[in-house]
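Database features, via TrEMBL:
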| type | residues | note |
| --- | --- | --- |
| ACT_SITE | Ser14 | active site, O-(5'-phospho-DNA)-serine intermediate |
| DOMAIN | 6-153 | domain 'Resolvase/invertase-type recombinase catalytic' |
| DOMAIN | 162-307 | domain 'Recombinase' |
Amino acid sequence: MSNVAMVAFYARVSSEQQSKRGTIDSQIAALKERIQADGAQIVEDMCFVDAGVSGATLVRPQLEHLRDVAALGTIDRLYILSPDRLARKYAHQALLMEELSSCGVQVVFLNHAIGTTPEESLLLQMQGMIAEYERAKIAERNRRGKLHGAKRGNVNVLSGAPYGYRYIRRQLDGTPARYVIELPQAATVKTIFEWVGLERLSLGDVIRRLGETGTVTASGKPYWDRSVVWGILRNPAYMGRAAFGKTQVCDHQVRVRVQRHSADVPRKPYSAKRADRQQWIEIPVPAIISEALFEIVQEQLAENRKLARQRRDNAPLCLLQGLTVCGQ
């Protein structure tokens, strides 16, 4: 029987942006280098990588696979860059460490040595709790800082300039950040609002007209998605009042039906829902359309939804309706 230890590694980054920047590649390179330095070899089946998945949840595809493989007793040593790559919350770290230990897995953190004495274990636990507290404190400071900035009318607290605007950073001379109108895109925005508000077009009709006129999206694509057009028509920034706090975080909502083009496992442990309009903080920006046209469009969108609901309710019922979706 071979005495060669079976080793594995686990790597994770929280966002697609980090994945694209090569953060996950640097983790993998460091893990493979350490494994080689320890005189071990890694096989492809023992590489567990969750790219763009939050560490605040245990529902991660590759972590689930890793736990299943560990339960079979086929892993002797597991390499991870640091404890927060395994889990963000201390309670989750403790649960996973106990589970892996019961499976006979030795966990090796590259940036954090694991002790064997009770004192060293206590130190690891305390460091995990302190790190979790620091993350919560930083997140709260960031939230309150953005809230204060929004109340002062700073556009830099917003996620980004919407289609039709360009974001100008804060200047060295103290000139605050601001939005400026991009004339070609702004003309498209105004046309879309007029199509819906004055000509009473549906979203589908708007998309068809945009395609017929050869109008491209902000990324240069010739096809406009319904959600993009819907977002434009619902954005109060176009009447000169950008809104901060339009969405709020809530517990992850379990979907009754599978959402098209969505992952089987949620990437984040929470969901976002639209906040009450009374909770929004309005920030003045240059207006592209009038407030009257914006309100007319909101009424038309509500009317379009009502008509669509009536057509759906009057349509023949299909037993498999909504249960199967196109995979393309």
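Every residue, even glycine, has its Cβ placed from backbone N, Cα and C.
Those TrEMBL annotations? Automatic predictions, nothing curated.
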Requested in this report: Please report the number of other Cβ atoms within 10 Å of the Cβ of Ser14 (active site, O-(5'-phospho-DNA)-serine intermediate).
Outcome: 20
Query - Three-class DSSP secondary structure - Ser14 (active site, O-(5'-phospho-DNA)-serine intermediate) - result: coil
Report summary line: For the domain 'Recombinase' (162-307), the DSSP residue counts stand at 58 helix, 26 strand, 62 coil
